[in-house]
């Protein structure tokens, strides 16, 4: 099996990006160690702080954020970083070639129940001139690398540099990432969907109708049985989609009119969309392709529909219908 280093060399990834990927990968090994030790290390539970999203921070949110921030500050290829747990961008150096956006511990609410969590990251080119928040506001198409690390029964790194999606598994004996899937591929059709059904009453009419038709199975207009899956961590649900197909969505809802969207564009939706597209899938908000969105702020949120290409298209067809004459759902 190829090591991560050997694989990056075989793909012709440049030295600077290779160095940055190794920094992220090596830090993920430390995070994996902290996650595995859980209560033994006293890292479970919540802090008394909230992040910029207004969400109560878990202890491991803060710990993993600091681990990544410190590691990236020590990497001379990094110009600046943005994190879910940081109110503002963090300037690292004036000569780095890259900007890094990350969610240090996606699904952190799962920590206390010993369920799946992960790290998501996006790498963008650093523009010349003075660094500011606007330096980070690049469409997803500008990403030069993206990936996630899944901390589950085994620790796995899914990575793209624009040459497909490679999956690496951390060997606990050697502490090295080894290539276990050379090219992840999402099937075009699927019989699985992932959505938080508890929000059903808050969805827009297109998503209400789409999910209702899936639930009708063989007796409904889709004439096909579907199974629902939900891990409550984007990193876990998207990993399943990349592994065996499916559609994952966190759609627009009116549960909180001030926050109609849940997932963050820069460090959740964009990197996952890059991975999904590189594996042959599609990613949309329901009305526009996610990686074509011009960001307006670092912590911007968007609706997300991604996964098997034909099923995403089917969902988008519902969003193109006229619901003006339908009764209130």
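Every residue gets a Cβ built from N, Cα and C, even glycine.
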Same-site residue for substrate (record: Swiss-Prot; known: 106, 107, 108, 109, 196; options: 29, 262, 282): 262
Of 84, 85, 130, 133, residue recorded by Swiss-Prot at the Mg(2+) 1 site of 103, 105: 84
Site co-member for Mg(2+) 2 according to Swiss-Prot, given 103, 106, out of 204, 223, 268: 268
Where residue 268 (Mg(2+) 2 binding site) falls in three-state DSSP terms: helix
Whole-number Å value for how far residue 84 (Mg(2+) 1 binding site) lies from residue 106 (Mg(2+) 2 binding site) (Cα to Cα): 9
Between residue 107 (substrate binding site) and residue 268 (Mg(2+) 2 binding site), the C-alpha gap once rounded to whole angstrom: 11
Listed binding-site residues (108, 109, 196), ranked by Cβ neighbours within 10 Å, top entry: 108
